[in-house]
Protein chains: 2
Amino acid sequence: MSELWFTEKQTEHFGITIRVNQTLHTEQTEFQKLDMVETEEWGNMLLLDGMVMTTVRDEFVYHEMVSHVPLFTHPHPEKILVVGGGDGGVIREVIKHPSVQKAVLVDIDGKVIEYSKKFLPEIAGKLDDPRVNVQVDDGFMHIANSENEYDVIIVDSTEPVGPAVNLFTKGFYAGIAKALKEDGIFVAQTDNPWFKADLIQNVFRDVKEIFPITHLYTANIPTYPSGLWTFTIGSKKYDPLKVDESRFTELETKYYTKELHFAAFVLPKFVKDIIGE
Amino acid sequence: MSELWFTEKQTEHFGITIRVNQTLHTEQTEFQKLDMVETEEWGNMLLLDGMVMTTVRDEFVYHEMVSHVPLFTHPHPEKILVVGGGDGGVIREVIKHPSVQKAVLVDIDGKVIEYSKKFLPEIAGKLDDPRVNVQVDDGFMHIANSENEYDVIIVDSTEPVGPAVNLFTKGFYAGIAKALKEDGIFVAQTDNPWFKADLIQNVFRDVKEIFPITHLYTANIPTYPSGLWTFTIGSKKYDPLKVDESRFTELETKYYTKELHFAAFVLPKFVKDIIGE
């Protein structure tokens, strides 16, 4: 048949377009539109509500950077919670750390987990690890019901539309602080500074009011809007900028390095301006 | 009329798409296809041979990073050569440095200069500065005819197709070394590591064989392929990683900071692997 191109309008006036070999699965789940497609450039790709969530070729950037920065900052991360992240990529990175004894994944949409296992095995393949506990549930409620329980919480959500809208509220960050142990750390993906400056500014302000140590860091993700993604880290005790050299053990990575751990926090001036630093 | 969208296929199977309000000018010059369009998301935008060269909204990243890294590395840059760069953005940044006495711009295509002055005044506005000497000429030949003349040479070329093909050859880098003074520095834009790993690898190897100090650094440019752009720097004497703190004077920038000067050289692991570091 003719060429198929998927186009994501990342803003009203700008987008990316990706050649699609075939659609592997498409479904309106209870929560969102789910498409799994095979692309030539990026390998298999998961779309939720028409937005690129992850691709086999570039997923390593996001998953390594959202995981290893907090897990190397914490001196002995044992119990980890991942909110969202049904594709399993964060879990795969988290359990690379030998100190991790239990990793709980709470995704509201079981279909994301099901079809990631089927079509993204390179990403989802560690969801069956014995240290991993997968729950199909509301992450907001899971947080609300947890207290003093986790060393690290990673919020791997979609954009603040649809099921993830509660995950960008100050109440949610307060709940996270409660769910963390007294020396816990949390990270959330917080979109890009070119098109979502307001979101970054608001989240950073909210997190900073709750956590004594708050920083923003970035990574390059080609299939995400602008290619420059931000992560907001809130920590009760350990500063990601003051991690001792001896803490960095060897892990197999394709993006993260211990030098980049620090460099990722050095922000372009216009991004510093967004968060008032 | 209906919506117009310009799509650049950045690879055979991937691209960006940008809504265009109107075409301001379109012309087949002696050297390339030139389009100047007005976009909603990025402001006015220059295309050469169908590739985005610069947009009013994100041009500052490229122009600051290709200019200030070498100019702050050199302790007293006085005479600068820009090869290509007819839009004038590099010149605008270069002459922010008070030490600069003369900045020569050699672009092979006078039409780029003419229409940048007309439609990109925010970028091209400093081409008439008394310290600037604009020459419509072949940069390769200008380099071949120069000896021991420049403190800094910046190669702001298009991709290695069309008129710029000679600007990615080892002979050209050897010519640059000859055209530089004995403590000179040069920088070239060297595309992106996601789709052009071979190009980066080859240029880096060639430059390293000629210059004792060779490094790669990156910046995020949303309208360029993958959003992650690389620059290769070759230096005879001064190391960009060993710039003394006192060298950094205040300049008005939107991306570059003295902290980012160093952080930009900290590469993702897969990029380090490309250049064998």
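Glycine is treated like the rest: Cβ placed from N, Cα and C.
Since we're looking at a predicted model, the values are computed, not measured.
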Further spermidine ligand in TrEMBL, beside A:His63, A:Asp156, A:Ser157, A:Thr158, A:Glu159, within candidate set A:Asp35, A:Asp87, A:Asp128, A:Asp129: A:Asp87
Among A:Pro121, A:Pro160, A:Pro163, the candidate listed by TrEMBL alongside A:Gln32, A:Asp107, A:Asp138, A:Gly139 for S-methyl-5'-thioadenosine is A:Pro163
Which of the binding-site residues A:Gln32, A:Asp107, A:Gly139 has its Cα nearest to the Cα of A:Glu159 (spermidine binding site)? A:Gln32
Which whole-number value in Å describes the distance between the Cα atoms of A:Gln32 (S-methyl-5'-thioadenosine binding site) and A:His63 (spermidine binding site)? 22
Comparing the Cα of A:His63 (spermidine binding site) with the Cα atoms of the recorded positions A:Asp138, A:Gly139, A:Asp156, A:Pro163, the shortest distance belongs to A:Asp156
If you count Cβ atoms within 10 Å of the Cβ of A:Pro163 (S-methyl-5'-thioadenosine binding site), leaving out that atom itself, what do you get? 21
How many other Cβ atoms are found within 10 Å of the Cβ atom of A:Glu159 (spermidine binding site), counting all protein chains shown? 18
Restricting the comparison to the recorded positions A:Asp87, A:Asp156, A:Ser157, which residue's C-alpha is spatially nearest the C-alpha of A:Pro163 (S-methyl-5'-thioadenosine binding site)? A:Ser157
Cβ atoms near A:His63 (spermidine binding site) (within 10 Å, other residues, all chains): 26
Tell me the Cβ neighbour count for A:Thr158 (spermidine binding site), meaning other Cβ atoms within 10 Å of its Cβ, over all protein chains shown. 21
